[in-house]
Structure formats: structure tokens, C-alpha cells
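Here TrEMBL flags A:45-353 as domain 'AB hydrolase-1'. Per TrEMBL, active site, nucleophile is recorded for A:S149. Look at TrEMBL and you will find A:R218, A:D348 tagged as substrate binding site. Under the heading active site, TrEMBL lists A:D314, A:H347.
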Number of protein chains: 2
Amino acid sequence: MDQRFGLDKRIILPGDFPLAGGGVLPELTVAYETYGRLNANASNAILICHALTLDQYVASTHPRTGKPGWWTRLVGPGKPVDPEHWFVICANVLGGCMGSSGPTSIDPRDGQPYAMRFPVITIGDMVAAQTRLLDHLGIAQLHAVIGGSMGGMQALTWAVNHPARVQKVVAIATAARHSAQNIAFHEVGRQAIMADPKWQGGLYAPDAPPADGLAVARMAAHITYLSEAGLTEKFGRRLQNRDAVSFGFDADFQVESYLRHQGLSFVERFDANSYLYITRAMDYFDLAEPFGGNLARAFAGSPCRFALVSFTSDWLYPTAESRRIVRALNAAGAPVSFVELESPFGHDAFLLDAPEMNRVVHGFLAA
Amino acid sequence: MDQRFGLDKRIILPGDFPLAGGGVLPELTVAYETYGRLNANASNAILICHALTLDQYVASTHPRTGKPGWWTRLVGPGKPVDPEHWFVICANVLGGCMGSSGPTSIDPRDGQPYAMRFPVITIGDMVAAQTRLLDHLGIAQLHAVIGGSMGGMQALTWAVNHPARVQKVVAIATAARHSAQNIAFHEVGRQAIMADPKWQGGLYAPDAPPADGLAVARMAAHITYLSEAGLTEKFGRRLQNRDAVSFGFDADFQVESYLRHQGLSFVERFDANSYLYITRAMDYFDLAEPFGGNLARAFAGSPCRFALVSFTSDWLYPTAESRRIVRALNAAGAPVSFVELESPFGHDAFLLDAPEMNRVVHGFLAA
């Protein structure tokens, strides 16, 4: 089979899919993209895990926005993750809205969308769904799993929950748990969505979503993806289309106009209920929690090799969180390389041009 | 006249009050509290300027919430600003909702509330309204003006716009301009309010305010008042009333419950339109802007003495902003003392127990 760019794929697996929270899905759908070809002994597979609002279109055109893949700087011909050498897989996360089972999916038991009847999921559930995809693709073990932000949380979870199925773990701009501040920002976003009367307890029609609430949620979150210095450099106090302030409530400042645009464009490509479920999964994420709070114990005995990358101006998942993971891996005796990269671009740095990050990933995959 | 604790006062000044944005108020009301007695030569007056969501009840019980004054750690008998020695004044800012002219006020021209017909105001306008109050009280020159956060912006503005009317300026946890990130967070709050259908373009009835939107705005802002480390120390990932997570969307985590409470209690004491106007005034604040961006020129020739205080974990108005002001004051040849205080409590540190801050203020007033 030709698994080159741009072919929408999904698997539908009948039968119960049990979830960490005690819920059960009567069937599981995983939508995914692949790039390159799986070799004869199925040893060249690399799984890319995506962040909160991204999707499986890591290196191919997004079908709704028409925009190029979100990580073409890292994945693609001539890039560190080159489909010429690797069979690259990226799946829409469980709970997502780009084809995998989520609150927009139809519950086969009654033919209606799940909406808020969808069970609350965890990062571990997302990873478990990915293992089903690998089973389907005939891949016993990944050469590597790579992810940034929530993708990094999934990558780390692979090493803890399915250590025999992955050789190398690349976790970028991430953390092993959601902090109180992380939870707080997500809660603001959820409250903004739920406060929108159009949300209707999650039972909105596809063409009448709680767009205002979702836009506010996106705006609040977007600030956390950028650094104060980055915002100052990019926008400062520069005015929008005006020589002087208007003394009104229009978007006088460029940063206001930018944020409003971020909110508006987001609602065209993302589902509000999915946003609720995925943020909740992230808030519940604490890799050490089942191990009495001891992160080293979570990694104990892991045969995986690890590469971690953080960015100096990332205040969402700051370097201290990566260092905590590194210390735990050291204590667990797991081989780990770690680098903190200079960047003014905050958390978003991992999605931008980052030659040093590319070198780290390339070297780690080749080693 | 007895100007001891707890007497509600206001002045109503007929006649045009012109505003920086070109608007005009047909009359000006300033609601204020005073503590202590003005001496015979009116030389012992100290003006306290309040922050975004505070009010004139700096050292007396809030009439709506029944809570003690918001700065009784600094102002009161035996405190650095002791009404035994000083005549302490605190006025509700222009645009506020505790008695001074603002969007909840009645426009005398038609007997209807201003709502969004209220002109957009600036920090300079707030200070100009305070000068009218001093005129009324017979105070030609303040011994000192003291403020934290937006109060600090007013204090600095006194030195620039009315340098002959104030001897000493104490600016705490503040900045001489709103940064792109500051503006961005305010814009999220405003969009949350305006997205609430109950806002109705500002024409809501007093008993049917856009409470959901205002609560979301408050929640987002509240995160910026606390530090990441402070939130971790105070809440971490501790659960609310439960031994395990609920796998639902209730407030599982204590930090969620805390934030929701902050949002709900805020709407009981604050007006949504006021929040729009005051945040807008802060966004427009850039003390150097009328001086070609040269902050030193803003302070040039000022006869005032300055004391600045910042807090290590304040990321809303970080120490770098205070240092920028200090550098400008140095360049302008103005006497300034500056101290950065250690605190884990973020921006809110100035409202909490801060013995070193108290010593700074006490020493500076006595000098």
C-alpha cells in the first residue's frame, strides 16, 4: 500500500475500549496519517504525538484550513524525521475532533453524537488508542515516539505504560504533570466555553457552536503559548491601522487584533467539547501519581532511551519541569540527553524554526 | 470636621470635566474615604491610589462585602501610614463603581446611566479627578501619594502631570506602561464580558449583569496576580473534597474551586462596564508616550522624591519594569530609592503581609 502524503485514514475497531476513568467506549475509531513506508521487519516506525489543538496532519495539508502540516520543519523530505527512511505515523488523539473517537463522534448505541456523554479520558487513554493503531498496522515496537507539549506527555506515557513497545522517546517542551497554574488556565477556558449559552450543556448543533466562549478560551490559552518578551518584540504597544489610539473598545493595539484573530480562526477548525475533554485529560496528567508521587519509580526498569528539550522562555512548561523528568530518569538509571535551548518565542518555540532542536532529534534518531 | 474611619463621602462638582481622550463629563463625582485629620497648614495629606478592582475603602469596612479595608496592613493606627499623624485620603477612581463617576453613574443630561456612553478614560484622567478632590479639601500639596499596581501608575502620573502638588511618590509593584502581555490579558477579560449575551452592549439591568463573562474575566486576571510557585505551594494538584479525581468537569482540583470562587465573589461587588473602562485606561497607560517614548523626559525637572518597590515573583509587573522607571528617574536626576523584595506570592504580594515593604514606606514618609 502506498502510504505517502495526504491520504486520510482511519480504523474502526468494534468491541469495548476500556478507559482509565472506568468508562468504556463500545467502539474505537482512530484517524491517522502516515508518511513513508513501513519496512519488511516493521522496525522503522516513528509515532508523532500532537499537542492540544493540533491533529494528525503533521506533514500534510490540513483538510479544513488548507494550511501545511504543523511540523513540516521536523517531518518531511530532508528533515530530521524523513519519510524516506522512517514510516511516520501521527494519529488524532482520542477525544479529538479530526476523526478519532471524541465527543463529536456518533455513539453507535443510539446513533446520536456523544457530546458530554463521552467519557472523560486521560493521556494514558490516548496512548492506549495509539497502541491499537500500531496493532492494526502490524508494528510491535516503535523506533521512536516524538511529541511536544501534550505530545510530549503522550511520549513519556508510552515509556511508562508500554515500555516494551518503544525504543526511543523524544519529549519536547513538556512536563510530567500539570501544575496548579496549568490547571487554572485550562479551567478559565472551560468556564468560558460553558458560560456561552450556545454551549447548551454540550448539545449544540455543528453549525451553531459556542464560538464566543471557545474564542475566549483560545485567546487566554494563546497568551500562555507566547513569552512576555516575545509578545513585546512582536507587538509591543504598536497600534493597529491607526496613528493614535481611538479611545474606544475596538482593537487599538496590534496584540488585541492578533488575539481576536487567533480566537476567531480557532473556532473554525476546533470543537468546543473536544477542547473540554482534552484540557481535562491534560489536567489529570501526573505521571508519578500512580507511583506514590515518585516519578523515578514510574520510569524504573524502562528499557527506553530519552531525549528531552526545553526552551528558555517557555513559562507554560518551563525548563524546571524537564529537569524534574531528567532527575527522575537519572534516578531510574535510564539513558537521557537533555538540552535547554535559547528562544524568545515561549512555549510555541517547538513549532517554529528551531535548528538546534532539529539537530537533537536527528542525532538521537540516528544514534 | 471629624474625618475618622468609615464615613462615606463624595463630592459632586458641576461643570465640564474634560478628558484626555477628548470627551467631557458634564459633572464629576468623586467618592472617597479619609482617615485622620488634616493639620492647620494642610501639609500632612497622603493620597492612597487603589488598584483595578479595589476602592476607597483602604482602611475601613467595605460596605458591600463587610470585609476590612484592603490595605489595613499599611494604613491604620500603628501602621506606616498612621492616621494619628497623617490625613489619609483614598478616592474611588474615575470609571469605578463605588460612587465616583463611571459607567454606572447617571448622565445628568438625560437621567439615564451612562453605560457604554461613558467616555473612555485614562490614568491621567483618574489623577485629574483626584486633583479636584484635593482642591475641594483645601490641599495644595500632598506630602505623599502611594499606590500599588494601577495605584502605582496613578502615583507616577501625579509626579509627571502635577509635580508641584506632591512631594513624595511611592510606586509599588507597578510599571510605567502596559506591556503587550498586560494588554493581551485585559483583552481576554473584555472579550469574555462582551461575549456574555447578558452584557447587551452594556445596557444590562443592575440585577441582571453579565456575571458569567465577568467571572471568567476575573478568573483569567486572578491567575496573573499569583505566581506559578505560589499556586503550587497553595494548591498544587490537591483535590477538592475527594480522595480521587471524579473523571468529570466538576472542580476536582482545589485551584479550580478557588478560581471559581474568585469569579463568583467578584461579580457581587464589581460592575462589568467599570471593568471594561478601567482595564482600557490601564492598557492606554504609557507614561513615556507623550515624551517621544523617553521616560526620563517624562520625569525631567520633577521636584518629587521617589520610592519604588517590586517583588521577585511578580510576573504581571515584573522587577524589570520598576528598574526601567528607576533608570529614567536616575537619568532625570530625581532622587529615588528602589528595593526588590523576595516574595513567593506574585503580584498580590503588595496586598499581603510585607514587613519590608512597610519599613520602606515608613522610612520614606519619615525622611
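Cβ coordinates are placed from backbone N, Cα and C, and glycine is handled just like the others.
Worth saying up front: this structure is predicted, and the values here are computed from it rather than measured.
Overlay of TrEMBL feature records on the structure.
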residue: A:S149; record: active site, nucleophile; Cβ contacts under 8 Å, 6 or more apart: A:A51, A:L52, A:I172, A:A173, A:T174, A:L316, A:Y317, A:H347, A:F350
residue: A:R218; record: substrate binding site; Cβ contacts under 8 Å, 6 or more apart: A:T53, A:G189, A:Q262, A:G263, A:F266, A:V267, A:F270
residue: A:D314; record: active site; Cβ contacts under 8 Å, 6 or more apart: A:A173, A:S227, A:S343, A:G346, A:H347, A:A349
residue: A:D348; record: substrate binding site; Cβ contacts under 8 Å, 6 or more apart: A:Y225, A:L226
Should A:D314 (active site) be counted as helix, strand, or coil on the basis of DSSP?
coil
Please give the average pLDDT for the domain 'AB hydrolase-1' (A:45-353) in this predicted model.
97
What three-state secondary structure does DSSP assign to A:S149 (active site, nucleophile)?
coil
Give the number of CB atoms, excluding that of A:H347 (active site) itself, located within 10 Å of its CB.
25
